[in-house]
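Chemist: Checked TrEMBL, it gives:
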type	residues	note
DOMAIN	277-364	domain 'Wax synthase'
TRANSMEM	6-28	transmembrane segment
TRANSMEM	35-53	transmembrane segment
TRANSMEM	65-84	transmembrane segment
TRANSMEM	245-265	transmembrane segment
TRANSMEM	330-354	transmembrane segment
TRANSMEM	389-407	transmembrane segment
Amino acid sequence: MVPSLALPPIVGHLQIPLIFLLNTLTLALNRSYRFLAVSLGLPVLLLLVSQSLYREWEKGWGLHYGINCFVMTIVLGWVEWVALQRPDVEAWRKITRGEEKVGKEGEGKKKGRWERDGVGERIGAVRGEGAVKSSGSAGLTSAKEIAPEGFGERLWWAVRLATTNRYVGWSCEAKNVPLEVGPEYPRLKFLARKVPRAALFYVLRDVVNSYTAASPHGTWLDIAHLDPVVSFEQEPFLYRFKFTWVYVVLTYVSLELMATLYGILSVATGLARPVDCPSMFGDLKECYNVRQAWSVVWHQQVRHVCSALGIWLVRDVLKLRRGSFGSKYVQLFVAFGVSAIIHGGASMLCHASLNDDGAFKSFLLQAVIIFFEDHVIALGKRLGRKDSAFWRIVGFCWTVLAIGWSMQGWTGKTLRHGLWVHDREIDIFGIGPK
């Protein structure tokens, strides 16, 4: 018989803050204590994660699933921070966002000013490299030499990293986060733009939530016992395709609403500048192939944790040449594998079993689709086809079809468990069940 790892219920309620605290404290230890941080932190981390298995939950399954996705994300954040030591290796620092110069297309490099916290030193740097050039020296200064050393300085560094959103305004900022305004953009003008946007997305979320609750696959939580939900797995393809995209739209409007409210609160209180509070998603016009849809248009909340393991694998383990075929596709498949771990792991925590609700199949399939897509695009270029409005329209249709087809299995399985059993909304237009 396996012994129970259940801790007092209060630990389960505080699970996410406690994992954040663990991440912060273990990163605050100097990197020379890496073995200690890993050997002590990993068992505590696993114990905290296991509390999801014992949580007594009376709300909707979808909210529980979302919480466990967040748990898996910050667990993988610990792997990036402590096990792989990326903040130390790359010397993550605050930068002046909006003054960067973007490098050659496709390289993902940005040059800008870095702030050395605590002493006010500014040094020039190349984003994402393991070494940086000091503005006061002709030589190279290693990342280890410029990373915070003392516990107090590292603790403040870790706290600030733990409270960032996509590392916006840091040297490690997630790639393709939109840069919408400059560093001197007026706060009042930002608020005047964002408040109506928040109102719009609130209405959109209310409409889509009400629509999904009125479908056979959802309901309101307070009447769930009267209106059991069913999956769409036995329905025709077009029906499944439609509701898969309804789920994509619901995710889009919900996350965009949260990001907009976060930006309004941060700017109104003076905790952030408008330039540091961009929209959650990229320009929808860029959604002309599946790679673009995931890497440019979709939110980049988990880009760091999804890419960290692949970068470490190709650079430090396999020693693959940067930009090579092997490096490119190992990183691609590992990134979607990590995304599958987040979403599939969340299902496993909800079910207290190895049932991943088809997440591994659906998310790894995205990498297969992109691999195929890249080669079709390369063939088209060799045949003389050039980028044009026509091919972008074709690409947009392909993207909608490919994502709708490949994600419907995972969507259908999660709907079966009550993904769309929502807390009752205002239901502005009377769409939802009564």
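A Cβ is built for glycine as well, from the same backbone N, Cα and C atoms used for every other residue.
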Chemist: Just give the helix, strand and coil counts over the domain 'Wax synthase' (277-364), going by DSSP.
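Modeler: Breakdown, helix to coil: 59 helix, 0 strand, 29 coil.
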Chemist: Are there at least 3 C-beta pairs under 8 angstroms linking the transmembrane segment (245-265) and the transmembrane segment (35-53), leaving out pairs fewer than 6 apart in sequence?
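Modeler: Contact between the transmembrane segment (35-53) and the transmembrane segment (245-265): absent.
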Chemist: With CB pairs under 8 Å as the measure, which of the listed stretches 6-28, 65-84, 245-265 comes out on top against the transmembrane segment (330-354)?
Modeler: 65-84
Chemist: Which residues of the same chain, at least 6 past either end of the transmembrane segment (6-28), have a Cβ under 8 Å from a Cβ in it?
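Modeler: Hits for the transmembrane segment (6-28): 37-38, 40-41, 44-45, 47-49, 51-56, 67, 70-71, 74-75, 77-78, 81-82, 87, 151, 154-155, 157-159, 161-162.
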Chemist: Cβ under 8 Å, sequence separation of at least 6 from the ends of the transmembrane segment (389-407): give me the contacting residues as numbers and ranges.
Modeler: 241, 244-245, 247-248, 287-290, 292-293, 362, 365-366, 369, 373, 380
